[in-house]
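S.K.: First the structure, then my questions, so here it is.
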Amino acid sequence: MDRAVSQVALENDEREAKNTWRLVFRIAILLSTVVTLAISAAALAYSMEASTPSDLVGIPTAISRAEEKITSALGSNQDVVDRIYKQVALESPLALLNTESTIMNAITSLSYRINGAANSSGCGAPIHDPDYIGGIGKELIVDDASDVTSYYPSAFQEHLNFIPAPTTGSGCTRIPSFDMSATHYCYTHNVILSGCRDHSHSHQYLALGVLRTSATGRVFFSTLRSINLDDTQNRKSCSVSATPLGCDMLCSKVTETEEEDYNSAIPTSMVHGRLGFDGQYHEKDLDVTTLFEDWVANYPGVGGGSFIDNRVWFPVYGGLKPNSPSDTAQEGKYVIYKRYNDTCPDEQDYQIQMAKSSYKPGRFGGKRVQQAILSIKVSTSLGEDPVLTVPPNTVTLMGAEGRVLTVGTSHFLYQRGSSYFSPALLYPMIVSNKTATLHSPYTFNAFTRPGSVPCQASARCPNSCVTGVYTDPYPLVFYRNHTLRGVFGTMLDDKQARLNPVSAVFDSISRSRITRVSSSSTKAAYTTSTCFKVVKTNKTYCLSIAEISNTLFGEFRIVPLLVEILKDDGVREARSSRLSQLREGWKDDIVSPIFCDAKNQTEYRRELESYAASWP
């Protein structure tokens with residue numbers, strides 16, 4: 001039994017020993033697992049660069065750097081957005097405009113070439129430099145808010161003179177006419193060999209050209225074709241217009257004085273001519289006995305015409321045959337236009353009496369002097385389908401020289417202030433069925449012309465007179481709804497005498513700071529102005545072609561005065577480039593005035609040589 005007990009005890013001891021080793025084994029396994037996990041965690045942390053407490057200090061810096069990277073990325077994206085906006089909102093429309101204009105010009109050019117081939121001329125159509133595409137015949141300044149007179153002309157700029165001048169002391173160049181289309185410009189003037197009052201014989205200079213930009217960015221007018229019509233015909237009072245076939249011109253042919261013409265019983269001969277792109281000139285006499293059967297005298301308006309709806313429109317004026325249908329239709333009709341804030345003090349009945357008499361001045365034998373507009377179909381045949389429009393005198397004043405203009409989609413008739421009303425007039429013109437309808441005019445109170453008493457620049461009451469001078473305004477500033485706000489022009493700033501030419505921008509009441517041609521005693525006469533834009537630089541320029549007194553070579557010299565239109569609220573007067581301060585070493589101040597009659601020739605010669613030597 002003791003043996004059995006011992007055997008049981010031994011087995012118990014062995015079982016306890018086994019349990020002990022199992023526990024040790026399990027503990028060892030657990031410890032090794034924990035150690036393995038710790039080592040694995042450490043290795044994993046090391047491999048993933050996990051942050052330690054000391055690393056947390058750099059978190060704000062890291063966040064700041066991340067913020068900078070994000071901001072930089074967003075900035076880059078904004079740059080991309082800005083570039084996209086510029087491309088979509090600015091560059092693409094301009095590119096489309098240029099493309100449209102280029103296609104239009106290409107089609108027009110092709111049409112000209114086809115016409116040229118049909119006429120065996122072999123000559124293509126000229127086109128302005130691309131810098132001017134979209135900048136000719138457009139509303140150049142659209143501004144609802146700014147004061148019109150905050151725009152003003154710069155000093156006169158030097159550019160290529162495209163107008164021939166007299167070459168003798170007795171020569172005379174007068175009556176400039178200018179018109180510019182989207183493709184080319186046309187210019188003409190009269191050339192008289194012996195003084196400016198000769199009515200028996202003269203030449204007519206006619207030129208066709210384009211606008212160019214020099215390598216330095218300067219504007220210049222490049223004459224491509226020109227002709228001097230020196231024949232037995234005495235063309236006078238010519239108006240020119242740029243058309244798709246070249247330069248169309250309307251002239252009267254006269255051999256007598258204006259007063260004698262008004263006293264005659266038959267209309268004045270008229271001719272429709274054209275200088276083609278090939279440099280050839282052709283013309284055709286109009287059937288004035290039918291077209292002007294109610295007229296005793298008829299003349300083009302001197303100012304440029306305009307190409308509208310496949311027809312060329314010219315201003316016309318002259319004398320009506322007494323008691324003819326056209327004269328009877330105007331009987332008793334009149335209009336009175338009033339000065340701004342300067343009412344005529346005469347009794348209303350007397351004003352009406354004088355207004356009616358103003359259409360029949362004594363100078364022309366009491367004939368009714370009438371305004372009119374002549375339109376002619378533009379085709380290879382000259383003088384085709386002429387139609388004469390005679391507007392009612394309930395709208396127009398006494399007939400006078402004028403100009404037909406197109407700016408944007410608007411058409412205007414300028415009428416010279418030959419009657420009592422001094423401020424410049426622009427009648428809105430509506431074209432339909434080959435005829436024109438005029439409406440009450442825009443008036444520009446500060447844009448006056450000199451005149452004889454009682455129709456001087458300050459006149460405010462109706463009177464009968466034939467006076468004034470041709471100084472047309474060019475529509476420059478518009479409202480967004482296309483209503484005209486302001487014009488540019490060169491006026492003669494004197495009450496009675498043709499003196500003191502100045503350029504300015506005008507609203508209905510006042511004018512901007514001015515740019516003088518020279519001194520206030522400078523003699524001048526006709527001026528005609530045209531504005532355009534260099535689209536590439538967005539700069540607006542205006543050209544005033546002016547007759548300036550020139551005592552050395554002829555009585556007048558026709559000068560193309562070029563200005564840039566600027567904008568600010570500066571002083572009221574600017575001098576021409578002749579008087580502007582230039583770089584040190586240049587001495588422009590000795591040439592005073594531009595066209596001077598030097599009294600001391602020796603001293604003048606010395607100063608002139610010094611002046612020439614001072615230029616770099």
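Backbone N, Cα and C define each Cβ position, glycine as well.
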S.K.: According to Swiss-Prot, which listed range is region 'Involved in neuraminidase activity': 234-239, 282-287, 360-365, 510-515?
M.R.: 234-239
S.K.: Among the residue ranges 124-152, 385-413, 472-500, I'd like the one that Swiss-Prot describes as region 'Important for interaction with fusion/F protein'.
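M.R.: Region 'Important for interaction with fusion/F protein', as annotated by Swiss-Prot, spans 124-152.
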S.K.: For the disulfide involving Cys247, grab the partner from Cys172, Cys186, Cys344 as Swiss-Prot records it.
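M.R.: Disulfide pairing in Swiss-Prot: Cys247 with Cys186.
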S.K.: Using C-alpha positions only, work out which of the disulfide-bonded residues Cys196, Cys251, Cys461 is nearest to Asn481 (N-linked glycosylation site).
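M.R.: Nearest by Cα distance to Asn481 (N-linked glycosylation site): Cys461.
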S.K.: For Cys465 (disulfide bond), which of the recorded positions Asn341, Asn433, Cys531 has the nearest Cα in space?
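M.R.: With Cα distances computed to Cys465 (disulfide bond), the winner among Asn341, Asn433, Cys531 is Asn341.
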S.K.: Give the distance between the Cα atoms of Asn538 (N-linked glycosylation site) and Cys247 (disulfide bond), rounded to the nearest whole Å.
M.R.: 28
S.K.: Could you check which of the recorded positions Cys344, Asn433, Cys455, Cys461 is the closest Cα neighbour of Cys172 (disulfide bond)?
M.R.: Cys455
S.K.: How big is the gap, in Å, between the Cα of Asn341 (N-linked glycosylation site) and that of Cys238 (disulfide bond), rounded to a whole number?
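M.R.: Roughly 37 Å, rounded to the nearest whole number.
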S.K.: Round to the nearest Å and give the CA-to-CA distance linking Cys251 (disulfide bond) with Cys531 (disulfide bond).
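M.R.: Cys251 (disulfide bond) and Cys531 (disulfide bond) have their Cα atoms 25 Å apart.
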